[in-house]
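Visitor: A single structure is presented below for examination.
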Amino acid sequence: MFKPKTALEWSLLAVTSVQALVVTVCNIIILISYLHWVNPVVYQVPLSYNIPMCLTTSALGCIFQVFLTLDSFRIKNTVQLVALCIANVFLTIAIGLQYHTSKASVGRILINTDMYGFPFAQAEIPFWANSAPTLIVCIVVACVCTSAMVGLAYGLHIEFAWALYKNVSPDMKMRNRYLVYQIYLVLLRFTFLFAVLLILLFDLVEVHYREPEFSLTMGVIPLTLLHAIASAFCVQRETKLGMAVIITLQLALLAFLSRCLKQLLKIGFVQSVTMQNETVLFALVALFFAAATLVVAVLCVCNFGKGLRPILRAGVDVRRENGNAWYKAAMTKDEEEEERERGAKRDGRYYSLTSSCGGRSMGCRFELD
C-alpha cells in the first residue's frame, strides 16, 4: 500500500483512520450489547436486522474511505479527493439516521413478542440508555472528520494538480482527457461502495431471505465488482468493443437501482419498510453515481485514439526522494516515440542553437513569433 509522504497526506489519512476506528469500535460495542439484550426469538422477524445492519453499513463505509484515501495518494487524483468529501457527507447523514432508526427499533422490539408471548428482548437491561451516548459520539466524530477532510482536501488538491501537470502533459486538452479518465475511475469506486451498502440493507432487511429475489440481489455485488475491474481495464486499453459491453452492463445496473428505488417509494410498501430513510438515501446516491458513470464512460470512449493511451498505460510511478519528485514511466518503445513526437509538436515554436563564444559553448534559446 502506498505510504503518504507530506504532512497534509498524513493528516488526511489520520482523519479518515480516526473516523473509521471510532465508528467501528463504537459499533462493535453496541452490537455486542444488542446481542446480549435481545432474545433468540427476535431473529424470526426482519426488525431484528435493523440495528446490526445500521452499524455494519456505517462501519464498512468508513473503512472503505481509508483505503480510498490511500489510493488517492497513490494516483494523485484531485477528483477522488472531492469525491471522498462528498461521500463522507452522505456517510455522516447515514450515521445520523441510524440514531433515529435504532431508537425506533428498540421501542418496537420492547413491546413485541412471539406467537407464544415470549418477549423479543430483556426489558430489565437498559440497552438504549447505554447505546444512545455511543451513537451520539459517532455522529459528532463523523461531523468533525468531514469538516477536517474538506479543509485538508483543499490544500492537497494543489499538490495533486502539480503532479498531474508534471506526469501527464502541459497541454490543456490532454490534461482534460486525462481528467475525464480520472473521474471515470472515481465514479466506478463510489458506485460500487453505495451499491453494496444499498444491497445489504435492501436484501437483508426488506427482502429478508425471500427467494429467488434474495439470491439474485446478492449476486449483483460480485457482478458490480467485476464490472468495475473490467471497466478500468477496457478504458485503459481503449477497447471499444469492451466498452460497449461495459456501457450495456452499466445500463442494466441503472435499471436495477431504479427498480429498488421504485419499490422503496411504492405506495403501500413504504409503511412496511423498517429502514426506509437509510435505504432510500443509499439508493439515491448509488443511482446518482451510476448515472454519472454512464455519462463519463461515453466521454471516455469519445477520447479514444487521441493520444491518451500511452499515458494511461505508462504506469507512472510518482515518488519523492530528498524532497524532489522523480517519475518513472514504463512505456514501450513505440509509445515512447509517440509521446516524443507529441512533445516535439507542442514545443515546435522553440528552437535551440549553440554558438561558440570565447572558446566556450553557450546555449541560446529563441522564441519565434
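Any Cβ shown, glycine's included, is placed from N, Cα and C.
Pulled these from TrEMBL:
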TRANSMEM  12-37  transmembrane segment
TRANSMEM  49-69  transmembrane segment
TRANSMEM  81-100  transmembrane segment
TRANSMEM  134-157  transmembrane segment
TRANSMEM  178-202  transmembrane segment
TRANSMEM  214-234  transmembrane segment
TRANSMEM  241-259  transmembrane segment
TRANSMEM  279-304  transmembrane segment
Visitor: With a cut-off of 8 Å between Cβ atoms, can you find at least three pairs linking the transmembrane segment (134-157) to the transmembrane segment (214-234)? Only pairs 6 or more residues apart in sequence count.
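Guide: No; fewer than 3 Cβ pairs under 8 Å.
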Visitor: State the non-local partners of the transmembrane segment (178-202) in its own chain: residues 6+ outside its ends, Cβ under 8 Å from one of its Cβ atoms.
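Guide: Tertiary neighbours of the transmembrane segment (178-202) are 53, 56-57, 60-61, 64, 68, 71, 75, 77-80, 83, 87, 90, 164, 168-169, 217-218, 220-221, 224-225, 228, 231-232, 235, 253, 257, 260, 264, 275, 278-279, 282-283, 285-286, 289-290, 292-293, 296-297, 299-300, 303, 308, 311-312.
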